[in-house]
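J.: Pulled the feature table from TrEMBL, pasting it below:
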- HIS74: active site, proton acceptor (ACT_SITE)
- ASP75, VAL78, ASP82, SER84, GLU96: Ca(2+) 1 binding site (BINDING)
- PRO170: substrate binding site (BINDING)
- HIS200: heme b binding site (BINDING)
- CYS43-CYS122: disulfide bond (DISULFID)
- CYS76-CYS81: disulfide bond (DISULFID)
- CYS128-CYS326: disulfide bond (DISULFID)
- CYS207-CYS234: disulfide bond (DISULFID)
- 1-24: signal peptide (SIGNAL)
Amino acid sequence: MGSKSLFFFFALLSFSVSLRFAFADNDEEADPGLVMNFYKDTCPQAEDIIREQVKLLYKRHKNTAFSWLRNIFHDCAVESCDASLLLDSTRRTLSEKEMDRSFGMRNFRYIETIKEAVERECPGVVSCSDILVLSARDGIVSLGGPYIPLKTGRRDGRKSRAELLEQYLPDHNESMSAVLERFSAIGIDTPGVVALLGAHSVGRTHCVKLVHRLYPEVDPALNPQHVEHMLYKCPDSIPDPKAVQYVRNDRGTPMVLDNNYYRNILDNKGLMLVDHQLAVDKRTKPYVKKMAKSQDYFFKEFSRAITILSENNPLTGTKGEIRNQCNLANKHH
């Protein structure tokens with residue numbers, strides 16, 4: 001090969017390598033993934049607005065905080081943390097919100113309230129999936145739980161995953177092996193599962209979900225003193241799903257996310273089968289005992305598990321979209 005040809009060969013090689021790096025840099029710029037304070041340049045007030053809205057809504061409607069906490073689990077555990085949970089049903093697809101696994105979920109309209117407040121400041125910038133995650137973070141604080149620094153930069157999915165709920169979300173009657181397996185699939189280990197179920201420290205459980213432990217016969221594993229209260233609250237063996245019949249998850253501190261839940265389940269006062277299993281299964285019991293003794297340990301593991309959950313397979317960069325309304329995918333012409 002002549003010297004001139006050799007020169008052109010190396011010049012071309014150098015150009016193609018530079019081009020490849022340039023494209024790689026552009027890709028990285030286009031998709032930094034999830035980062036802390038993703039909106040610092042595009043909408044610096046975003047996280048403050050979400051925090052203020054969560055505080056205002058909690059002041060008016062205390063039970064919104066339980067909803068924020070439940071949302072992050074029901075959205076992020078199902079294949080991707082992309083706000084698919086918030087989509088309404090259409091003629092072609094059923095909403096995740098309408099499935100059995102979503103029984104009792106409410107307050108979705110308040111996510112729209114937060115979205116509208118953010119849109120007034122920065123139209124078309126902040127995703128519903130980030131609003132869902134950050135409202136959960138701030139809701140946890142409202143309930144007396146730890147502040148968990150969470151990354152942002154998620155984008156919104158365009159389709160419901162209703163048909164996948166049973167595949168991903170554990171049922172309260174499933175074996176502990178099945179529960180651990182489902183969480184393990186998204187990177188949450190056994191102490192993380194025990195901590196996440198500590199969310200049952202707040203809120204309430206509808207009688208529909210626990211009457212099988214009371215009728216036709218009372219589950220002998222239940223604490224007899226607690227049974228009396230449960231029967232009083234759930235007097236019907238077939239309760240009306242639309243009736244306001246429920247038992248508070250933790251009668252001692254029902255509005256506080258704390259480690260009282262673990263003391264309750266060790267005392268056989270867990271409402272659902274999964275609560276009882278958590279306290280007796282040899283894989284989970286040591287962590288239950290540890291969390292019952294130390295709130296700091298519970299908060300540490302809870303924060304770690306929520307962080308992993310919030311980062312489950314997000315859409316970032318140019319994937320997905322930024323929805324105009326959280327309950328509707330944008331129209332693409």
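Using N, Cα and C of the backbone, Cβ positions are placed for all residues, glycine too.
In TrEMBL, annotation is done automatically, which means it is predicted and not curated.
Remember, predicted model here, so these are calculated numbers, not experimental data.
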J.: Could you work out which of the recorded positions (VAL78, CYS122) has its C-beta surrounded by the smallest number of other C-beta atoms within 10 A?
T.: CYS122
J.: Cβ neighbours within 10 Å, counted over all protein chains: which one of the binding-site residues ASP75, ASP82, GLU96 has the most?
T.: ASP82
J.: What Cα-Cα separation, expressed in whole Å, is found between CYS234 (disulfide bond) and CYS326 (disulfide bond)?
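T.: It is 35 Å, counting Cα to Cα.
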J.: Fewest other C-beta atoms within 10 angstroms of its own C-beta: which of the disulfide-bonded residues CYS81, CYS234 fits that?
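T.: Least crowded of the disulfide-bonded residues CYS81, CYS234, by Cβ count within 10 Å, is CYS234.
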J.: My understanding is the cutoff is Cβ-Cβ under 8 Å with a sequence separation of 6 or more in the same chain; which residues meet that for CYS326 (disulfide bond)?
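T.: Those within reach of CYS326 (disulfide bond), by Cβ under 8 Å and sequence separation of 6 or more, are ALA83, LEU86, PHE108, ILE111, GLU112, LYS115, CYS128, ILE131, LEU132, ASP156.
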J.: If you measure from the CA of CYS76 (disulfide bond) out to 10 Å, which recorded positions from the list SER84, GLU96, CYS122, PRO170, HIS200, CYS207 are inside that radius?
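T.: Checking Cα-Cα distances against CYS76 (disulfide bond), the recorded positions within 10 Å turn out to be SER84.
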J.: Between HIS200 (heme b binding site) and the residue listed as 'active site, proton acceptor', how many Å separate their Cα atoms?
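T.: With the alpha carbons as reference points, the distance is 14 Å.
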J.: Of CYS43, HIS74, PRO170, CYS207, which recorded positions are close to GLU96 (Ca(2+) 1 binding site), meaning a Cα within 10 Å of its Cα?
T.: HIS74
J.: Can you list, in sequence order, the residues of the same chain other than ASP75, VAL78, ASP82, SER84, GLU96 whose CB lies within 8 Å of the CB centroid of the Ca(2+) 1 site?
T.: HIS74, CYS76, GLU79, SER80, CYS81, ALA83, LEU85, LEU86, LEU87, GLY157, SER160, ARG161
J.: Spatially speaking, which of the recorded positions CYS43, CYS122, PRO170 is closest to VAL78 (Ca(2+) 1 binding site)? Use C-alpha to C-alpha, please.
T.: PRO170
